[in-house]
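*Asks:* Mind having a look at this structure? Questions to follow.
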């Protein structure tokens, strides 16, 4: 503001000043006799006024603003158009600002000689590219009629003018001061994430950390969806530092400061329209000082819902969250949600950003364990907490063929009594559902949960990858049970599958992973999965049975029935005793494996591994039943039995090995892909052993037969080695986490 000086310290410059006048913005303009003494005069003014004002030199340049430019127009196009229209050289034209606005248009601020600017404004038309700008889209910001001027002032103490409703750009120093490019230290927070039509919502603008003051601001509520129009009305709190603006032929739909003094925070009330449903964001320009401001400071999306669906949630927190938990926005241009992904639109590509800031600003949990580091999860969830706002991100893996991805909050890491978020692609869009699980029979029931307790923020379905970002209320009651996300601890249950039911999601055949322990959702941490002990025991039992005991049992029956005779045990030849013992052990281990996986899953899951496994189990039990009814050695039907017993045994053994191959790719096994090569190596050595034993069986040399008996010991050691290696891979899965930690 302009103040009088009667102490005589400015008398030294009076002879150089032709006249002085006060501008509409509160600045004092001094017209000088010549440009030669401007630096000296500027120094004198700074010495006298100190920090009470900003002093700058203004020449005979002018600034014009070009609005509604096409999004493809460049600075070169603008300079060429002005040169063609006015005849001035391109070197005299400076495009100070070119930035996007709404509706896929741009605005520009151009600095050029005053005479050229006046000519363009008078002409009222300018052809830029293929667009013709008329007088409403070509505005002269201010024409200075002075050779050299000194302007004194502190910006716009009464707030932003309505002429910047569309751009929200301060025109400080004639537009020469540009927005800061670093992350804004100011945030825009709301008292709630959901509001009913016609209701009011408190909006707070403040600095991080607490104590950082702001000087000026301008804020609007914008539709989250195109065309991003201004929504709702503001009302200032009594005696607050707020002035309301009328933009786009509406009333009180924007707010700015009414004084430029330091403010620790600003709280404004905003009323949602009665005729609007959808999402809005609060977009702000915030100035810390005259020459330091940030644009594109936005809040999280707010959901405007029908009044009969509105559920009241928590109020604005009274304590400031640590800065590490705040969500910052670095958009420098007037806000256009360039990374917005509509829940109603399928886009062609999106960046895989769910892994960003895991362990730093949000808690991430993925399946299989250890996949977050390599960004290769078949499903992943991330939890971010801001005050009373709980955000959950879910994403399925690439090439997983998932038709849903879901995340549940559980007390015991088991299915049953869990609050679940489901993200399901339907008819080209991702839909959000809330459900409550039951354990007997297993089901995710949607009808028991109020669907408005969770809100879809972002979603996409691109190249088979499902992504959704969801906000959930911090306090939900389902069937008499209360889920308190602020105070209670929960396991995270992550699941995805390839089937849907008429009333909900199907079985999690792609994978299901519970977190290793219960967590406070507000505490950012690295979260690992719970070890699925029964699944690992199933694998260990089956490997021991079909890689170990069954392989040895087949060798004994086929190659030693004619050589291991004469010495009996329990009235039976040695070869038969060993064969029967090994095969009974195989059947028992198979039963243990079947029971362990059934207890874990509690229902049948059909895929290649389970189907082949079921066929193996059926044939496994046919063998001892057939052996119990086998005819005597001299019975004429004995050869038929021998061929049947041989065929069933070999088919059973082959199916078991193939089933183990298919288990490697199951997410629940968490086995590395190179496990296949270990199995291939075993098969090669097993076939080589058959070849050697077959050649030895055709020989009549007694000494050679003794050497073959020695090779049996070698074969037993080799088989035992493969069994031990594979069991370790199963029990320590995923084995990669031990290597990465070391």
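Just so you know, glycine gets a Cβ as well, placed from its N, Cα and C.
The domain 'Reelin' feature in TrEMBL is assigned to 150-317. Residues or ranges marked as domain 'DOMON' by TrEMBL: 374-497. Annotation comment: TrEMBL describes 494-699 as domain 'Cytochrome b561'. What TrEMBL lists as transmembrane segment is 540-560, 581-599, 611-629, 641-665, 677-699, 711-735.
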*Asks:* Determine the mean pLDDT over the domain 'Cytochrome b561' (494-699), rounding to the nearest whole number.
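*Replies:* Mean pLDDT, the domain 'Cytochrome b561' (494-699): 84.
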*Asks:* Please work out whether the transmembrane segment (711-735) lies in contact with the transmembrane segment (641-665), by counting C-beta pairs under 8 angstroms that are 6 or more apart in sequence and asking whether there are at least 3.
*Replies:* no
*Asks:* To the transmembrane segment (581-599), which of 540-560, 641-665, 677-699 is linked by the most Cβ pairs under 8 Å?
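*Replies:* Between the candidates 540-560, 641-665, 677-699, the best contact partner of the transmembrane segment (581-599) is 540-560.
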*Asks:* Which residues of the same chain, at least 6 past either end of the transmembrane segment (540-560), have a Cβ under 8 Å from a Cβ in it?
*Replies:* 574-575, 578-579, 582-583, 585-587, 589-590, 592-593, 596, 613, 616, 649-650, 652-653, 656-657, 659-660, 682, 686, 689-690, 693-694, 696-697, 708, 712, 715-716, 719-720, 722-723, 726-727, 730-731
*Asks:* Same chain only, please: residues at least 6 beyond the ends of the transmembrane segment (677-699) with a C-beta under 8 Å from a C-beta of the stretch. Say none if there are none.
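*Replies:* For the transmembrane segment (677-699), the far contacts come to 547, 551, 555, 558-559, 562, 657, 660-661, 664, 705, 707-708, 711, 715, 718-719, 722, 725-726, 729.
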*Asks:* How about long-range neighbours of the transmembrane segment (611-629): same chain, 6 or more residues beyond its ends, C-beta under 8 Å?
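*Replies:* Distal contacts: 542, 546, 583-584, 586-587, 590, 594, 641, 644-645, 648-649, 651-652, 655-656, 658-659, 662.
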*Asks:* Over the span of the domain 'DOMON' (374-497), count residues by DSSP class, listing helix, strand and coil in order.
*Replies:* 4 helix, 80 strand, 40 coil
